[in-house]
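Presented below is the structure to which this report refers.
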């Protein structure tokens with residue numbers, strides 16, 4: 001009888017066989033599995049040598065809402081690594097992941113990790129040098145984001161292409177050449193280019209195809225490329241409980257809808273994420289409930305156009321779309337066929353069911369702020385008084401070319417209405433400098449809009465034309481790059497002038513702050529948190545009492561709500577003196593009573 005094959009011999013023999021046969025031989029004759037590596041919070045680490053990591057842990061599977069634990073990866077010794085045979089473990093592969101772009105991409109990665117965990121891929125490592133699977137979740141909004149992705153892909157390709165040499169030199173601790181998977185919007189937009197990039201990438205998976213990732217990775221084992229970028233009219237991942245990336249955080253993201261119907265001329269999102277579809281209210285309430293049990297104190301509701309949320313799944317009689325109320329003076333190219341439960345309905349239910357949890361939302365469109373939503377935000381103490389109002393431009397002519405559905409005047413009137421209903425509201429916005437055909441006069445109108453409104457925060461970028469968009473088909477990107485950058489610098493400077501006044505106005509006030517962790521500038525002596533309006537506040541870590549419970553003094557900890565008197569401001573943060581620990585509802589009840597007493 002012939003002697004049994006070693007794993008190395010199986011690999012050599014497999015080189016002359018089919019990919020399928022070789023794969024089966026390697027799996028059959030591989031030695032016993034090693035202990036699994038633990039998971040870790042995602043970070044983009046350099047390729048420098050890493051210190052010896054602690055012993056490994058495997059992720060628990062005891063419940064869908066349990067977060068991933070965080071620790072370093074297990075180093076692979078020479079005795080554990082057979083350079084000739086490749087894999088020496090039955091593990092499906094350790095995962096390293098990076099995410100670029102918006103909060104929606106962060107939440108998508110949490111969905112991906114949940115899908116992979118349910119298929120047995122339950123090990124996450126903090127650096128790509130220790131991984132057998134590398135996920136890079138991408139953004140296609142601007143060229144700068146895509147260039148960063150290409151740079152990272154070049155490095156990941158180096159880890160894959162030179163795997164044996166990297167392991168021998170101590171630059172890699174992966175058990176086999178890593179599979180590289182590009183996820184997200186860039187995968188949807190540039191799938192052909194990515195796959196043709198000199199065998200750099202193994203898997204390309206669009207935002208609506210994450211359930212297919214385990215199968216796509218298996219295709220790679222058989223020598224095939226794994227690709228699925230099909231868009232869906234139904235997929236919302238409503239039945240999947242995301243695996244939280246930041247497992248020690250008291251804040252979390254919850255996706256309530258996907259896609260966008262607005263078709264703004266500059267935006268690629270409708271082409272990379274598809275049409276709007278909303279999760280059922282019941283599934284959102286369930287997920288928020290699980291987060292509350294896990295200790296989360298603040299939830300950010302996410303969607304590409306979050307306030308156009310429309311759940312038709314739980315409404316027996318759907319109302320005609322003509323009843324869909326837009327902000328006054330705003331229009332939309334998309335006509336709603338049926339109206340179900342709207343965003344105000346969802347926010348109403350969540351805020352009532354979880355009175356000690358704060359709720360934020362992003363990213364909205366100004367057209368979807370009906371009065372009912374504004375009054376709800378005013379009346380609910382746990383709905384944060386920060387409204388994102390992406391203007392994009394202050395020129396009506398530019399807004400028309402952008403197909404935004406409103407004028408400068410309509411936008412300013414909406415701002416005035418919001419502030420009349422919610423006097424202490426904060427506003428944030430998005431702006432694009434150098435859009436197609438933008439003149440100096442139109443740019444100046446944007447600067448005057450920023451001064452007129454006065455924003456707490458803003459996201460400002462130079463225009464980057466995207467293929468497939470209306471602008472790409474119909475306009476010319478005719479503003480020179482140096483002009484775009486100069487206008488962007490002027491826009492940022494103007495914004496800083498106005499926001500400094502807003503932060504200065506907070507000095508002397510008492511703010512409710514959710515403690516989020518140590519201040520990185522002074523981690524031993526200071527903590528940092530966030531106010532209702534999203535302002536960062538630092539304060540000394542000193543023992544304080546509880547306002548209402550009257551227990552003994554103790555220092556604030558992560559997850560506490562505290563009262564802070566603001567004593568100092570800068571252009572991007574506040575600092576103050578901590579007064580006491582408190583609760584969300586009692587703080588606002590107490591301050592509401594004081595306000596009524598002063599008024600009387």
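Placement of Cβ uses the backbone N, Cα and C atoms for every residue, glycine included.
These come from Swiss-Prot:
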REGION    45-66  region 'Disordered'
DOMAIN    93-222  domain 'MTTase N-terminal'
BINDING   102, 139, 185  [4Fe-4S] cluster 1 binding site
DOMAIN    246-501  domain 'Radical SAM core'
BINDING   260, 264, 267  [4Fe-4S] cluster 2 binding site
DOMAIN    504-580  domain 'TRAM'
Composition by DSSP (helix, strand, coil) of residues within the domain 'TRAM' (504-580): 1 helix, 38 strand, 38 coil
Pairwise Cα distance for residue 267 ([4Fe-4S] cluster 2 binding site)/residue 185 ([4Fe-4S] cluster 1 binding site) [Å, integer]: 12
Residue 267 ([4Fe-4S] cluster 2 binding site) CB neighbourhood, other CB atoms within 10 A: 21
Spatial neighbours of residue 102 ([4Fe-4S] cluster 1 binding site) that are distant in sequence (at least 6 apart) but have CB under 8 A: 139, 141, 363
Most crowded position, judged by CB atoms within 10 A, among 139, 185, 260, 264 as binding-site residues: 185
Integer Å distance between the CA atoms belonging to residue 185 ([4Fe-4S] cluster 1 binding site) and residue 264 ([4Fe-4S] cluster 2 binding site): 17
Residue 185 ([4Fe-4S] cluster 1 binding site) and residue 260 ([4Fe-4S] cluster 2 binding site), distance between Cα atoms, whole Å: 13
Counts of helix, strand and coil residues, the domain 'MTTase N-terminal' (93-222), according to DSSP: 66 helix, 21 strand, 43 coil
Three-state secondary structure, residue 264 ([4Fe-4S] cluster 2 binding site) (per DSSP): coil
Remaining residues near the recorded [4Fe-4S] cluster 1 site, that is with C-beta within 8 Å of the centroid of the site residues 102, 139, 185: 100, 101, 104, 105, 138, 140, 141, 145, 184, 186, 272
